[in-house]
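Trainee: Quick one: structure below, then a few questions.
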Amino acid sequence: MSIELEHAIGCNVEFKRICHIHPNGKDYLKAVGGVVIIGDLKDPHAQVFCQGHDDFVTCLAVSHNGQMFATGQQGDNADVILWSFEGKTQLSCFQEQDHGIDALAFSHDDRFLISCGDIVDQRVFVYDTNSCLIVAWAALTPKPTLCVLGGGMVRDIKRRDTHEYQYAACGGKNICMWHLDPVRGELQPHQVGNAFKQVREYICLAFTQDAEYLLAGTTTGDVAVVLMKNRVVQTFIAVCGGGVVNLVCTLVESGSRFVAAGGDGTVTVLAGPNALELHEVGTARLSTVPTRVYRRDIQQEIFRLTGAPAYRQRLLFESDVLDPRRRLQDLGFTKERLRELRLTLIVQDILWLATTSVDGGVKIWDANTGEQIQSLGGHQSGVRHACFSSDGCTLLTAARDCTAKIWNTLTGEPVEIFKGHTNAVYTAVFSEDGYLVLTASYDGTARLWYVLTGECIKTFSGHNDGVVSAIFAHDGLSILTASVDRSAKIWDLQTAECVQTLTRPRGEVIVSVFSTPVQNWALSTLQEGTAKLWNIKTQQCVHTLKGHHTYITSATLSPDANWLLTASWDRSVKLWSLTQKKNRKCAKTFQGHGNGVVSAEFSSDMSHIVTAASDGATKIWNVQSGECVRTLKGHGAERQIRLDGPLSSLSLAPDQSEVLAVSTLGSASMIRSKDLSVKPHSQVSPGALYDVAHLANISDHFLTCSGDSLVTLWDANDYTAKLRCSVGTRAYPLAACGTEDIFVAGATDGRLLCWDCSMGQKLWHIDNAHKGGATSVKLASNVRFVVSGGAEGEIRVWELKTREMVSTLKEHNARVNDVKLFPNDQYAISVSRDRCLLTWDLRAEKRLTSHRERHGGINCLTVASNQTTVTTAGQEKTLTTWDLRMADPVRIIDLDEEVLSVSSSHDDAFLATGGTGQVVKVWDIRNDQVAFSSLGAGHSRSIQWAPETDLRLDIDSTILILRHRKMGTTLRAQRTSKLLDLLGTCLGHSERELQEDQLQPRCEADRLCRQMSLPF
């Protein structure tokens, strides 16, 4: 008899492209451990399991017609299995490769399947999907191959199809085109050339609709465009941070359109007339106008002649406000009337904002009223940065179309265009006198321009990759630059030579540079959110800022250089004090954006800050209160969004309307490709699971502790994550327990942490609760104290109200693996790696009984309802039952594996075990034998029965299904004598009491359940 899976929560998110939408548009496929799951996109309860692998599935490919799919695994076998989607059965199992499969792909006509082994196997095989025979094989290139993709037929010089098939493969610093001749059985590699100095590492691929171009995503966040005619990289297009991990091409009537998944969690739409002119189609950035007021008299003749704006001024004529954006003549005033005109000049404190979008648009706003003052349009691609002149009359913008422009803020017309860069311009700033402009570009250079002529007078070359920030130094004699190559440089303004360089190691990104009268700084950021401020000259870290949870996108120094403002993809903006040498904690946090914050700026009087997020919203905040005083929205629909973590899979629906995106944090989302609106689909746990625990007396909510540092509260009704709470970036939870109000977890860094069950708010934590980690945690039923076990072998009792340790029990001399409380909360029982089973009186703080295994530590225990019978299991590979009143075990069952977890049913009739054999087994205690076992390999680190045994009985013509309704476990059996044995065993009836003629059709199910006393 076997236990079949009914539902699985999880996905192998550590592997790329592991989740796909089926071409029928109704189903999806994903890999969980060694099992492939076929699920319904609309029904979370509908899942079909395809089992055949004995190790983790590392890659998954679906045929274009949807009739087949293929999977590859890691491990010694490293089999590739070809499946029938309709029958959910194996068509063939290819066993030629060893150690692991890294990538699979079908040809465009689904005739052939290509399989790329890992760096150990180093072989590529092509199989015929009809005959299931090997067509060709070759040595692996590139090494390793991270992605392979079918690209139609090889074309000749006139772009006509030949009889050869082509595949694209990438990995490391190489892209390779495989040409397959199925007649001769030959597979030949052809390397893709690179005409640029930049070196990239490639991780994903996508062909354009006509297969004339190949796009390759890189680890640096840009996309390489390869012309297939000569197989040479033509250009690089910057997309996102954290690397482009997946690309899909969407069908359009003309031009090209792609959806890119970023390692920083962003999903970006790229569109253009062709692959060489792709650009983003929407995000938001901002800059602010200086708030100082020019209180000087402006003569009406100057205003009449030049039409210059009366910055922050309102001219009143007979109580009517004149529009300062128009000449007085345009308002109907004659020259004679102008001589007699009496105007009243009112100076107002006005704040102007400029917001930019990746659709090329720029908008200017009056921050006091929220009114849009001007809309500028002229850039052919996304605008990355904007900067006002000191008087607010002109605006300087930098864009992805390789240009920078100066705009008249009143007329909305461009005044000057700076051309010369060969890639996107990331930043552009004015010099203090306004005569010079400094630009930074992704072509690896910074340039100095003369405003009056638009000529480039200096070029600063020396970075090995794109320059993302450039500013004038405070001394006016040098400039500072920051680059994607993880370096910051100081340049002599006269000679254009580099005089100082700061370089950071891999994994640390320099995002901004600052200049003060005292020193020049560079700000670097790590993926975990930690920021470091460096003195470029001395190469010393002067400040370490911890508080963000992921990459910092923007940093701004206050005008007095005492405060630093940082924005992050974690949707928050933080204000840091740079004057406090000892305590450099965050002074204030601004939260309210619904997506990652891409820019943050100070007002010059530092009374307000302005933030912009990738959801298109601009917010103005009061610094003192931390409240949002105004929200500005005016840019078009966003074309870049951010999910909860780096993305591992991206799959396009057959109608091109939606994309299924899976992040490495385990969440799956359906994203509309038209407007990038997000609809959550499912959530999984991305890390290894260390503990599973139901909330006290609540069977439809349970907790999991995973290696991604998260404690997750799950709702078993719809399999969604209700709450996700992090224990920190340097630790992960080992054990958890909870009630309907709170839950507590123990972490590897020795802390105990507590959260609220309704909002997930962190209530408290206890540092250094255990040395080496808190390995077991149990809450008292009265919720007055918590008992914890540690890696050092101690058991400690903590009072929840004061969070003080009230007692310590020291008799174990090795790691405490499990602790349980008796119902009266007075007694506890524990097991340890020291082979001991101990019971404790918590009030008297003393040991009551001691039992010891002969060989090997004890991993787990379960206590029967009579409170005297205890079953343990561990390294000795036995299932041992103890009577606490007796010294010797009363029963020993030999096993073939080390058991890691054991749990007993509420009537004590069954035991469920899971161990190193990766098979869940249910034991019939009365017969000392396995009653059921799971089909295939599965998870077995932690097992727990639901608080209630709630069975549901479904009967059809051939199969009877027993379900734990709250737990989701299904037991199936044919209508034979074994079925009657199953019923009798589970329900406490004998076979004589359950005659076969009592099994009525479905309409009689209710009567049958009442006769069997089922708890329905």
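Keep in mind that glycine also has a Cβ here, set from the backbone N, Cα and C atoms.
What TrEMBL says about a protein is an automatic prediction, not a curated fact.
Just lifted these from TrEMBL, have a look:
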- 353-375: repeat 'WD' (REPEAT)
- 376-417: repeat 'WD' (REPEAT)
- 418-459: repeat 'WD' (REPEAT)
- 460-501: repeat 'WD' (REPEAT)
- 545-586: repeat 'WD' (REPEAT)
- 590-631: repeat 'WD' (REPEAT)
- 767-808: repeat 'WD' (REPEAT)
- 809-850: repeat 'WD' (REPEAT)
- 892-933: repeat 'WD' (REPEAT)
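Explain the structural surroundings of these features, please.
Mentor: When the repeat 'WD' (353-375) is classified with DSSP, helix, strand and coil residues number 0 helix, 16 strand, 7 coil.
Restricting the average to the repeat 'WD' (376-417) gives a pLDDT of 84.
For the repeat 'WD' (418-459), the residues of the chain that approach it from at least six positions outside its boundaries are 197-198, 222, 235-236, 238, 381, 384-385, 387, 389-390, 396-406, 465-472, 476, 479, 481-484, 491, 493, 496, judged by C-beta separation under 8 angstroms.
Across the repeat 'WD' (545-586), DSSP assigns 0 helix, 20 strand, 22 coil.
Counting same-chain residues at least six beyond the ends of the repeat 'WD' (767-808), those with a Cβ under 8 angstroms from any Cβ of the stretch are 696, 734-739, 741-742, 744-752, 754, 814-821, 823, 825, 828, 830, 832, 834, 840, 842, 845.
If one looks beyond the repeat 'WD' (809-850) by at least 6 residues along the same chain, the residues whose Cβ comes under 8 Å of a Cβ in the stretch are 772, 775-778, 780-782, 784-785, 787-797, 856-863, 867, 870, 872, 874, 882, 884.
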Trainee: Quick check on the repeat 'WD' (376-417): DSSP residue counts for helix, strand, coil, in that order please.
Mentor: 0 helix, 24 strand, 18 coil
Trainee: Mind checking how the repeat 'WD' (767-808) divides into helix, strand and coil residues in DSSP?
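Mentor: In the repeat 'WD' (767-808), the DSSP-based counts are 0 helix, 22 strand, 20 coil.
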Trainee: Tally of helix, strand and coil residues over the repeat 'WD' (809-850) according to DSSP?
Mentor: 0 helix, 24 strand, 18 coil
